[in-house]
Amino acid sequence: MADISTVDLVQIIFWFLAGCVSFYFSIDNARVWTSISMGFFLIFLSQLYVVEKALDAPWTAYTQLEAIHYIIGTVAIMVMTHGFQEYYIFSRTLELGGSKHVVYLSILGILVGSVVFVFANPEPQYPVLRNIAMIENSTWVFLSLVNIDIIRKIYLQIRDSVIANGFIAFGVVFITIFLWKGSELYLQVYNWDYDWQIIMQNLGVTLPEQFMGRRQFSLMVHDAAGLASGLTAGGTFLYLLRLLR
């Protein structure tokens, strides 16, 4: 069995709880919540690869699956952003199109299309996987800021509602996600991430020891914000479940 850090294990547990709660929330509540809650559930699916690698699951030998996990993470934030945009429109007009089944089938179609795309192309090596991961993190960082602004606008529309505080909690969730993904992107941009170390080791190159204090601080922020994001996401949905009963 491969090693898995305590931070990674606890983070996966938190996202597992958040994923279960958000999926239940999408089934048991109004259509307006479907895209938001399914986006959070997809985050859990994208994080599963850490556990799969730690357990030495046989399918982790295929790098296409690692690429698919990164793509699922990218789809997750896009689905969430679409969901918050839907909710903002709903808060202003009380109009909402589509059904839950349309949302579920659309997400499934996007994921199937992504799988076909990955397997139709050459097997991704470490540099390609790292590029895909950077695209995922860049998308998360940008759309987290977009979602924070949308959530602010939603709160101003519904501040007298019983669920208004739930959107304050969502704002906290996206602040922690911004720090989580942003710190990881920072490490990747400056070639301080673990994947780059593997690439350099395979090439027989020794990495310089400069700025290791900044690297360690970024790793600390990444781990702490990752834990906080899973905990706050699960807590937010539990809080909303209580408010909507």
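Including glycine, each Cβ sits where the backbone N, Cα and C put it.
Unlike curated entries, TrEMBL annotations are predicted automatically.
As annotated by TrEMBL, transmembrane segment applies to 6-25, 32-50, 70-90, 102-120, 132-150, 162-180, 224-244.
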Message: Can you tell me which parts of the same chain pack against the transmembrane segment (6-25), counting only residues 6+ beyond its ends and a CB-CB cutoff under 8 A?
response: 33, 37-38, 40-41, 43-45, 47-48, 50-51, 54, 223, 226-227, 230-231, 233-234, 237-238, 240-241
Task: Quick one: find which recorded stretch in 32-50, 70-90, 132-150, 162-180 has the most Cβ pairs under 8 Å with the transmembrane segment (102-120).
output: 70-90
Same-chain residue ranges lying at least 6 outside the transmembrane segment (162-180) that approach it to Cβ under 8 Å: 84, 140-141, 144-145, 147-148, 151-152, 154-155, 221-222, 225-226, 228-229, 232-233, 235-236, 239-240, 243-244
Long-range Cβ neighbours of the transmembrane segment (70-90) (under 8 Å; 6 or more residues past either end): 32-40, 42-43, 45-47, 96, 107, 110-111, 114, 118, 129, 132-133, 135-136, 139-140, 143-144, 146-147, 150-151, 153-154, 157, 170
